[in-house]
Amino acid sequence: MDAIILQILNGLDKGSAYALIALGLTLIFGTLGVVNFAHGALFMIGAFCAVTLNKILNLSFETLDPTRTDFLGNPLKVKTPYVESWFGPDVGAAIIDWSVPLAILFSIPVMIAIGFIMERGLIKHFYRRPHADQILVTFGLAIVLQELIKHYFGANQIATPAPDAFRGSFDFGAMLGLDPNVIIYPYWRLVYFAFAAVIIGGVFAFLQFTTFGMVVRAGMADRETVGLLGINIDRRFTIMFGIAAAVAGMAGVMYAPINSPNYHMGMDFLVLSFVVVVVGGMGSLPGAVLAGFLLGVLESFASMNAIKSLIPGIDQIIIYVAAIIILLMRPRGLMGRKGVMED
Amino acid sequence: MSKLLTRRGLLKTGAIGSAGLAMPTIFTSAAHAFTNAPTGGSVTLGFNVPQSGPYADEGADELRAFQLAVEHLNGDGDGGMLQTFSSKVLEGNGILGKKVEYVTGDTQTKSDAARASAKSMIEKDGAIMISGGSSSGVAVAVQGLCQEAGVIFMSGLTHSNDTTGKDKKANGFRHFFNAYMSGAALAPVLAKNYGTDRKAYHLTADYTWGWTQEESIKAATEALGWTTVNTVRTPLAATDFSSYITPILQTDADVLILNHYGGNMVNSLTQAVQFGLRDKVVNGKQFEIVVPLYSRLMARGAGENVKGIYGSTNWHWSLQDEGTKAFVKSFGTKYGFPPSQAAHTCYVQTLLYADAVARAKSFNPCDVGAALEGYEFDGLGNGKTLYRAADHQCFKDVLVVRGKENPQSEFDLLEVVEVTPVDQVTYAPDHPMFAGGSLGACNPGA
Amino acid sequence: MLGLGKKDFILLGIVAALVLLAPFILNPFPADSALAQFNAGYPDLMQRFMIFGIFAVGFNILFGLTGYLSFGHAAFLGVGSYSAVWMFKLLSMNVIPAIILSVVVAGLFALLIGFISLRRSGIYFSILTLAFAQMSFNLAYSVLTPLTNGETGLQLTLEDPRILGVSQTAAGGIPVTNLFGMEMRETTTLTLGGWAFQFNNGYYLCGALLLLAFYISIRIFRSPFGLMLRAVKSNQTRLNYTGLNTKPYTLAAFVISGMYAGLAGGLLASMDPLAGAERMQWTASGEVVLMTILGGAGTLIGPVLGAGFIKYFENIFSKINDNVLHSWFHILPDSIENAVIWVVEHFVGSGWHLTLGLLFMLVVTFLPGGLVQGGQKIGRLFRRRDAAAKATQSTPAE
């Protein structure tokens with residue numbers, strides 16, 4: 001029983017990550033109709049926003065400590081971050097410690113700007129081109145972005161820890177009056193879950209309750225008519241692109257403490273995010289979110305030892321098995337709209 | 001009649017051919033005793049390292065070491081470990097008086113790409129020795145290729161038992177240690193620090209290296225009285241290990257052994273610590289995590305989480321023997337940071353190859369192989385070392401390390417807690433974990 | 001001739017000439033010159049050009065004609081490779097049975113996956129094929145290791161129980177792949193001055209099969225069957241309304257292109273008897289998609305060009321290290337040399353991916369029809385100049 005509760009928690013947590021990544025992708029892919037292979041790269045750049053901010057906060061000046069030596073036998077250079085010398089060691093260390101949450105604020109403008117530049121500079125010219133061309137250009141872009149990151153940050157993973165305050169776990173068992181120390185869950189993962197819920201809710205509310213969202217939704221359904229009504233739909237699509245990039249980026253920032261970022265992480269999530277979006281159904285935001293959580297929970301259950309011993313290797317393929325079954329039973333995924341990318 | 005011909009062999013004959021330019025001369029080799037016999041004033045070595053993918057930084061470090069080794073062989077720089085090497089036949093005038101040149105390639109950490117890259121070095125550039133690599137799959141694949149093509153393979157970082165076990169080849173040589181040695185060296189230290197009454201839970205990367213690592217450490221710890229609660233395989237592509245970590249909470253295991261490498265290890269260790277495993281007390285004992293194979297370069301990705309975690313490593317720059325000091329000095333002076341274990345093994349392999357050629361007075365792979373087999377040397381950073389003839393594996397002391405509590409710098413991540421003597425990690429060539437293959441005959445190609 | 005129109009016959013002739021003369025064309029620089037780095041005329045890479053050409057031509061039969069974008073074609077290539085290596089291990093080192101088995105097995109595998117995946121169209125089809133291929137890859141890497149040898153890849157050993165043939169040669173080595181005794185790795189070299197041209201048996205086998213594959217592809221493009229596939233691409237719904245069941249046609253196209261992939265896989269293993277699981281990964285499937293689009297989807301020659309383009313960068317650009325750069329630019333003054341090398345080294349060696357990514361973007365932005373369109377543009381430029389020249393010549397006559 002404990003095991004199942006824990007795997008549901010794992011599944012929801014994984015699912016919130018999947019849903020968040022898929023949400024950004026489906027805004028571009030499911031609704032604007034652009035096959036965006038650079039979406040994984042946006043997620044990766046988000047994670048590197050956290051790394052960059054951490055690096056900036058850690059900018060240091062060096063003083064020589066003659067009492068200690070470095071690996072070559074020269075006097076050791078001791079680094080002191082500027083923030084620590086400006087705000088005092090305690091406050092400075094606290095600021096550095098909180099770099100990941102701070103990076104959220106940092107990433108939003110950065111990601112929106114990247115989204116704007118991408119859309120205006122490149123994607124705009126590909127709305128009317130075949131999907132094949134979109135794949136090629138966005139794949140090329142993804143490679144370029146990832147090589148740039150590799151050039152500046154190297155190929156290894158970079159530790160990006162969550163603030164100390166979130167270290168440790170929350171004891172659900174004790175709260176529910178069960179044995180303590182069995183159903184425990186790390187604070188940061190709970191934060192991630194809550195954060196994902198807020199972002200997903202925010203995007204839905206934005207599209208559902210604002211005039212802007214109404215126009216965008218109308219534009220997705222029938223771009224031409226909206227254009228004929230004298231509404232500049234292009235500008236709104238640009239803004240949507242920026243929002244999608246920001247959602248992907250924030251997903252990346254918050255994921256950095258769970259999965260130390262490296263330049264390659266976008267490609268690792270790319271296939272998965274496409275599967276989630278398509279299983280959810282093209283053109284459906286709720287579908288993408290639902291599929292994210294569904295696949296997350298399924299994946300967690302499949303990695304339980306009891307199930308693994310029953311079907312060896314099931315945890316390797318469960319996502320794909322689930323995708324095949326769902327797409328065969330429901331032609332347009334869970335909640336897909338008719339006629340979106342079906343030909 | 002075999003006509004596997006090579007470019008370098010042709011250059012000499014090409015000179016004759018160009019005498020009668022109008023008359024195309026078709027050569028069918030017979031003149032050359034072995035593949036890519038060096039003819040001019042230089043000899044070409046092929047350095048095949050990962051330049052893209054997750055191990056690219058490790059590959060870059062290997063490449064730095066190779067460049068340094070070539071520099072030292074050609075008599076430039078400060079000579080590095082040539083001064084401390086027990087063999088004195090290398091004089092800094094290249095190999096057998098031929099200047100050392102090199103070509104590089106990208107393995108992409110894929111066996112296909114690695115073989116394509118190695119083939120181009122052999123077929124196009126006339127490389128006579130291939131070295132490098134950062135994973136066992138690639139090492140085994142390229143080793144097989146070199147055996148077929150008739151060149152020597154001096155493997156880089158490869159830790160699987162199979163490289164010198166069931167997939168061993170006469171033309172392949174490994175200086176790096178292996179999973180069995182990790183287990184044999186680590187287990188006594190673990191028993192000393194954590195007691196002999198421990199229950200271990202393994203998470204293992206689901207591919208060949210992970211399995212040999214799991215098998216080795218499991219056997220070694222069980223021999224000292226530990227019990228194994230469970231061994232769970234995790235997909236190589238996994239980035240979120242939460243659903244493999246939570247089941248540990250429900251068992252009475254008090255040690256977690258992570259048979260993961262690189263990105264897998266960074267993520268699983270970080271997440272295991274996040275789940276509070278290290279704060280747990282089970283059966284009245286502190287819960288512990290062990291990482292059998294450490295890579296200092298990549299462990300940085302786990303940050304603070306490596307502190308106090310035991311593991312093993314082939315070599316570490318903080319060792320105080322003369323060889324290590326000379327190597328760290330010349331590497332550090334040139335590049336500004338200390339070398340990794342991958343860099344060390346690649347540097348040493350290049351020197352060992354050059355030395356074997358010099359001692360054999362021949363570039364013929366069979367002569368070089370014979371010179372390496374059973375060769376005993378010292379002064380290359382690992383103390384006294386033997387290249388065993390039976391399986392082409394180096395036997396030397398193994399370092400047991402621990403994540404350092406108060407690192408002085410970003411490189412100062414690990415501290416050596418014990419140097420396990422070579423006798424303790426030696427095994428019979430027909431040990432069951434290594435059985436199933438044979439070296440075969442050496443192949444000079446051509 | 002050969003059932004081809006004049007234009008197609010000329011195209012086939014050109015391709016045949018290119019294949020035959022590739023060892024010369026791809027080796028334009030003397031072996032000792034600094035530019036020899038750009039020579040691609042060595043057996044392994046030439047074989048790869050042919051093999052991935054076959055793969056892309058086959059992929060184009062499905063994607064170029066029907067518009068169905070399969071994102072799992074690498075699975076067929078991988079299955080083909082595994083079948084071929086098993087044939088070498090168990091039956092004989094002759095490549096014929098290995099290639100036949102790999103085509104058959106890949107065809108059957110494609111029939112199964114195609115039958116299921118073709119129930120959906122558009123992106124849903126793509127994701128179904130992707131899911132099957134990723135399943136194959138993940139399983140081959142882990143639980144199917146007894147069959148695939150997992151991460152290490154399936155290789156020949158000295159203990160293979162080969163029915164027709166020996167487990168090891170007299171010299172104690174593994175026997176090599178051959179075509180009725182003709183060794184695939186055997187290379188004859190022609191030395192002309194500073195040039196060394198390599199003629200490899202395996203390459204010519206691959207080349208012959210590429211020509212055959214190309215010929216069949218032309219015939220399919222020009223046949224009523226091909227026309228039907230194009231009709232599927234332009235409007236499948238309308239076809240269905242006329243009472244036609246399109247599924248047999250699309251399934252046939254899927255299986256044929258799966259067999260092409262199997263042939264490519266079998267050839268890869270025949271040239272170098274190893275089959276690794278990465279051949280089935282989604283990146284490999286993506287690569288053939290990129291090759292086809294880059295060269296020009298739906299054109300006959302485009303996919304071959306795209307395959308050559310990507311393989312060239314992967315194998316040639318990745319090998320240019322700063323040592324090579326210094327040898328190129330050493331005539332420049334030191335400060336300029338270092339500056340030039342600093343710029344260039346980002347695009348070669350470990351930066352080869354960056355160059356490839358940039359070229360993808362440039363090609364697709366400026367040549368919407370792929371590399372083929374680039375060729376046509378250049379051709380038209382010349383023709384226009386000819387026409388202009390003629391025009392100016394003819395004016396005074398009036």
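Each residue, glycine too, has its Cβ placed from N, Cα and C.
Curation does not apply to TrEMBL; its annotations are automatic.
Database features, via TrEMBL:
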type	residues	note
TRANSMEM	A:16-35	transmembrane segment
TRANSMEM	A:42-61	transmembrane segment
TRANSMEM	A:102-123	transmembrane segment
TRANSMEM	A:190-216	transmembrane segment
TRANSMEM	A:237-258	transmembrane segment
TRANSMEM	A:270-298	transmembrane segment
TRANSMEM	A:310-329	transmembrane segment
Top Cβ-contact partner of the transmembrane segment (A:42-61) among A:16-35, A:102-123, A:237-258, A:270-298 (pairs under 8 Å): A:237-258
Touch test for the transmembrane segment (A:270-298) and the transmembrane segment (A:102-123), at least 3 Cβ pairs under 8 Å: no
Surrounding residues of the transmembrane segment (A:102-123) on its own chain - C-beta under 8 Å, 6+ positions past either end: 34, 36, 38, 42, 45-46, 49-50, 52-54, 57, 95, 134, 137-138, 141, 237-238, 241-246, 248-250, 252-254, 256
Same-chain residues near the transmembrane segment (A:16-35), Cβ under 8 Å, at least 6 residues beyond its ends: 42-43, 123, 126-127, 131, 134-135, 138, 192-193, 196-197, 199-200, 203, 216, 220, 237, 240-241, 243-245, 247-248, 250-251, 255, 269, 272-274, 276-277, 280-285, 287-289, 291-293, 295-296, 340-341
